[in-house]
Amino acid sequence: LAQSLLALFASSLAISLVFAIIPLCHDVVLLAVVMAVAGLAMGCIDTISNMQLVKIYQKDSAIFLQALHFFVGFGALLSPLIADPFLSDTNCILANGTANASSNLPHIRKSLVPHHPGNLSHYDLPMKGMVVTRVSYAFWIMALINLPVPIAVFFLLYKERMVPCFNSSSHPLLSADELALETRPGDKDEPSAAAQRPHTAAAGHEDLFSCCQSKNFQGASFTYFAVHITGALVLFMTDGIVGEYSGFVYSYAVEEPLAVVHKVAGYLPSLFWGFITLGRLISIPVSYRMKPATMVFINVVGVLITFLLLLIFSSSVVFLFVGTASLGLFLSSTFPSMLAYTEDILQYKGCATTVLVTGAGIGEMVLQLLVGSIIHDRGSYSFLVCGMIFGCLAFTFYALLVFFHRMYPKPSPELDEASPDKAAVPEDTGQYQR
């Protein structure tokens, strides 16, 4: 826990520093390096926060994961609103041809749709002159908004005496959390062992990186690996859909046959993220009543049906807005529900969280590149076809996950009660030794 909190402190502080530095980057290579650091920091926060919630709350983690991802969606919805007042309606560089270029901005935006790159030659954009943009303030405001996060994490570390310069021992951060104790009945028998756990982790890397040790895979059945892989592939597809849909729905809307006005089309990504946030808020109480497996099933089926209807009513602007809202709603709780489901299968070891978060991140990156290149070659209609294909693949991988779940050996209840860490497992279960 101490290592995780230190990593969260360093990563959240790095994000504030990166946002403060971005406006000062006047070289694209330097900007790329700074953005890479921000990506690493965000990846650390994403993985550690999900993993620790799963480890602490175990069977009750679904509710807390839904709450966590509600705030992820809320941030994605809020940050463009903060930046919007500082964005220029005209070109950011003043030059002799600025007036003409500004009047052509709607046409330039339309020409930026990937499969019409040749039209750009009709418009001259000034590249030299006085910069008039105020977008730097948006980055600095975001850096200040984020700053209380590392301060709060450091205060937590200091209060619990987990800062490396303090050697005195203390109780674990959540030792008095009744919910955490209820979800780990074995820990009630040995509270002293639980109290020592965070500080044992600080002494070495055994707990934080235990999933990466080859000895832990000895004796693991193929279903153990299959659950990890199929779960990661479901999130590869669903998170990839989130990335590609939010990235290309504007370009799809402004093209024929829809030809939506640019300002109206600009509301589509906001609508999408708004319903993702709303869906995650709704999922917090729903996850208390519904099993994660059922929620994931509803999500993937809903995504599939929505894309099918979007294809059928592809010429309807109204249904594009309805479909965008529906898609955001169904995709909203897929990530946290899948984490809770797979960790439930694998007895809350924490390893699945890392694999799933990585799979989701790769999907969000790869599918955007793939869809962008396909739209460039095949036109805007392929945007919906790609979404339909990814939805079908997500459903297929989910069906395989359910199949492997049924094959996965259940742990012995006697050993569950005897050992808080569930380390000793009979040879015929096929589970690995922790």
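Using N, Cα and C of the backbone, Cβ positions are placed for all residues, glycine too.
What TrEMBL says about a protein is an automatic prediction, not a curated fact.
Feature annotations, reproduced from TrEMBL:
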type	residues	note
REGION	412-434	region 'Disordered'
TRANSMEM	30-49	transmembrane segment
TRANSMEM	61-82	transmembrane segment
TRANSMEM	137-158	transmembrane segment
TRANSMEM	222-242	transmembrane segment
TRANSMEM	264-282	transmembrane segment
TRANSMEM	294-313	transmembrane segment
TRANSMEM	319-341	transmembrane segment
TRANSMEM	353-375	transmembrane segment
TRANSMEM	381-404	transmembrane segment
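Sequence-distant contacts of the transmembrane segment (319-341) (same chain, six or more residues past either end, CB-CB distance under 8 Å): 50, 54, 61-62, 65-66, 68-69, 73, 231, 234-235, 238-239, 241-242, 245, 249, 253, 258, 260, 268, 271-280, 282-283, 286-287, 291-293, 295-296, 298-300, 302-303, 306-307, 309-310, 313, 352-353, 356, 360, 401. Under 8 Å from some Cβ of the transmembrane segment (264-282) lie the Cβ atoms of residues 66, 69-70, 72-74, 76-77, 80, 242, 245-246, 249-250, 253-254, 320-321, 324-333, 336, all in the same chain and six or more residues away from its ends. Stretch with the most C-beta contacts under 8 angstroms to the transmembrane segment (30-49), considering only 61-82, 222-242, 353-375, 381-404: 353-375. Taking Cβ pairs closer than 8 Å, the transmembrane segment (294-313) reaches residues 234, 238, 241, 283, 286-287, 319-320, 323, 326-327, 329-334, 337-338, 341, 384-385, 387-388, 391-392, 394-395, 398 in its own chain, all 6 or more past its ends.
Of the candidate ranges 61-82, 137-158, 222-242, 353-375, 222-242 contributes the most Cβ pairs within a distance under 8 Å of the transmembrane segment (381-404).
Nonlocal intrachain contacts for the transmembrane segment (61-82), taken as residues 6+ away from its ends with a CB within less than 8 angstroms of a stretch CB, comprise 49-50, 53-54, 138, 141-142, 145, 270, 273-274, 276-277, 279-281, 283-284, 286-288, 292, 332-333, 335-337, 339-340, 343, 348.
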